[in-house]
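**Student:** Let me give you the structure first, and then I'll get to my questions.
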């Protein structure tokens, strides 16, 4: 039976090559469980390997309030009725170092007028926050998903599975059901909800969607992420210094992707092939990123050593992934890098440790500048910028279609996917 299964798989691959010839594809009959398709680096691969999950479309959505970073400090201190000059100076400094220029937020004057207690220290406001957040994240997820489905070009009824990611809501049933209902999906649509994965949630969701797609031939998985900072909005306090980092850095929004194997010719245009996905957590670092849901909303603490911990562990993690494709550290500057921009310090330390060329993290830096750190959503924005830059390349300019999709979150958890850019 094992031999018959092997023959069926390899015949399927050979048929694929007959109908979709590509000089850049070389089939390896390795039994390596991490993936056997090897893509030659002498040319650019534009076809997805049969059975491998691909990203077929991307979409995004944002709330209506656009915040310019230069006006954030005065607005925040006015909204929270705080006049502490030292805290104000500290926030002004942080706003400059984050490199964020603009971002979108759900919070508005209307919400603060309706719920003034959100800006008062010590008020139990978890019910009010969740009432706002549950509705807001669902609506943004629906809008991002519709944008994604429109780009995909197939009917919403072709979606078979949902993976929904959020650290901004808490309820039963979860936002996955409300998203399915809002899109008019079949009650038979299979759903998975990932709660409180933080900044690594987008790539974690992509890993789960990849597994679902590859284990359910013909399936089409909608991955949706949606976040709002209202869940943790508080007035400034000298007792909570990290709150100011969050105010200076984080933004709101939603993202969406369609994932599936064996793209339908003409109808579907694969963007990235998801080759191998891994997750690692670093022992004894669970307090480095710490979030607690309290009566006043979610409260975060972030250890100063986070960027250093990521720098110390990033190279070994990356080498686990790229070795599958026969790549080494010498290929770092030939690859693409889609990295969740947790903050400029993390990007700077990665760039230094891996000796990356300045342009390698352009997509991540652009996403941070335009949208802030939007938690799980941000990887969608990074991938969009990555595609934009790829499509500007002329034939032969790209060194290699391989790259890494990376994110870091509570745990400390490293999420990584070895991928191929099919748009170059």
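Keep in mind that glycine also has a Cβ here, set from the backbone N, Cα and C atoms.
According to TrEMBL, the record shows the following:
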type	residues	note
DOMAIN	46-263	domain 'Chalcone/stilbene synthase N-terminal'
ACT_SITE	199	active site, acyl-thioester intermediate
DOMAIN	273-422	domain 'Chalcone/stilbene synthase C-terminal'
**Student:** Can you give me the same-chain residues 6 or more apart in sequence from residue 199 (active site, acyl-thioester intermediate) with a CB-CB distance under 8 Å?
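**Tutor:** Long-range Cβ contacts: 340, 342, 373, 375, 376, 378, 407, 408, 409.
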**Student:** Across the domain 'Chalcone/stilbene synthase C-terminal' (273-422), what are the DSSP residue counts per state (helix, strand, coil)?
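**Tutor:** Its residues divide into 69 helix, 43 strand, 38 coil.
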**Student:** Based on DSSP, name the secondary structure state of residue 199 (active site, acyl-thioester intermediate): helix, strand or coil.
**Tutor:** helix
**Student:** Kindly state the mean pLDDT of the domain 'Chalcone/stilbene synthase C-terminal' (273-422) in the predicted structure.
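**Tutor:** 94, rounded to a whole number.
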